[in-house]
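The transmembrane segment annotation in TrEMBL covers 21-42, 160-177, 184-203, 209-230, 242-264, 270-288, 352-374, 380-401, 408-427, 433-456, 468-488, 494-517. Here TrEMBL flags 99-522 as domain 'Major facilitator superfamily (MFS) profile'.
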């Protein structure tokens, strides 16, 4: 009785059908990148903004000042009163110009020098309560909701709440995808991301913005479902290619995003531009079928067989009538739970190590991306270059994981990232070219590690637990994303390079731990927990040999 992998080989492991589905689902990676790092442009903090009181606003209107003139004449120096050394931006304080109006005749404030109405040109200072004036070409959520001064932490909250949504979606919708079907939950996710994203764009206040940004994260938390669908309909030899290329589309999204943000003058337009494409994915209902591998585990063999025959026909193959009988075990149709991921020794080890790997990848990757905003420079150019740097990572993975397996490149990329972060932290600022080179190696290393963990995670879990297991482990990625903004900015306030030391330590430890994982090069996707337990040990010489189907696996 042939196994599913044998039937898939007969129908075509990576023919025209798989290539079409693969390309369509890859586009999800582009929109996920938009959402994942979009806050860099949605929440770009202007270089210059100042507190604007009612008297300053009235004076600016009466005198016909430009924003530059208003800033020069009414914004206090920083810190304290105006000083000859130079004018500050008056971000969190303003002059109490009303005090002059109270003691002098109306219009006593001069358009040429408003402070002349005060003794020694020294006006009293008060904390900003009446709003800010922003000197910037593009509007952002910072200027929309005044996320500055005492409210500056709320900008970090917007990214943390999005990652919290990713985490909630990974647990809830990830579980639902294993129970109710991959494609159904995928389509629900796309619809949810689109609707909540539109509400975010027109949010009337910050609480509404945060609530629906969280919900957008919940629905996008199942983006891994499209990755699982692809890996379940291709052969083991093609999984390495599709796993890496789908990540390249994420990088493509990072490269495209600066261009979108540059040409759209307001954050609402950017939000709509990165949200509306999700509605187009609903058309996949007619072109992307349910995973036949999943259907078999749910005792829907007739539907799985129908899809397999469609795959064979599209690929120019023929599936003989011998591929007609479908049998499954009780274990394969059981509903997944967290206990299943830690019940046996091999599953427990894989789950814990993969959780740490996801967490480390998220903290280091997001930390290095957001660090671009701390070190200054042209945001659009720097962000574009940071995306281009990731492209060689995909090529290096394709060149190494089939020759050396999964574990060694996985470990090496983490170690390179860790060492690069540690070295960069202690390099003198007088040699910027060397700091940039080493930092680029770190970004390249963590990008490779981030891409490999997707592949390894999907290859180490059986079919009935694959979507739930990948979603659960990647939930630690979301947890890392929650703390990354606060970790970066709070530690950087103590010492700018301190976050790099934390990042370097995490990545180096992760590089050592992943060497304990079993090798999955050339091995068929496991169907049951028993299959996972029988995977070769880290030091076994069996890696690279095709695993024979187990009796407990799904069969046709």
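Cβ from N, Cα, C; glycine included.
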Calculate the per-residue pLDDT averaged over the domain 'Major facilitator superfamily (MFS) profile' (99-522) and state the result as an integer.
-> 83
Quick tally over 160-177, 184-203, 468-488 of CB pairs under 8 Å to the transmembrane segment (494-517) gives the top stretch as 468-488
So, do the transmembrane segment (380-401) and the transmembrane segment (242-264) meet, by the test of 3 or more Cβ pairs under 8 Å (sequence gap 6 or more)?
-> yes
Two-stretch contact, the transmembrane segment (209-230) and the transmembrane segment (21-42), at least three Cβ pairs under 8 Å = yes
Test the contact criterion for the transmembrane segment (352-374) and the transmembrane segment (433-456): 3 or more CB pairs under 8 Å, pairs 6 or more apart in sequence, then answer yes or no.
-> yes
Most CB pairs under 8 Å with the transmembrane segment (242-264): which of 21-42, 184-203, 433-456?
-> 21-42
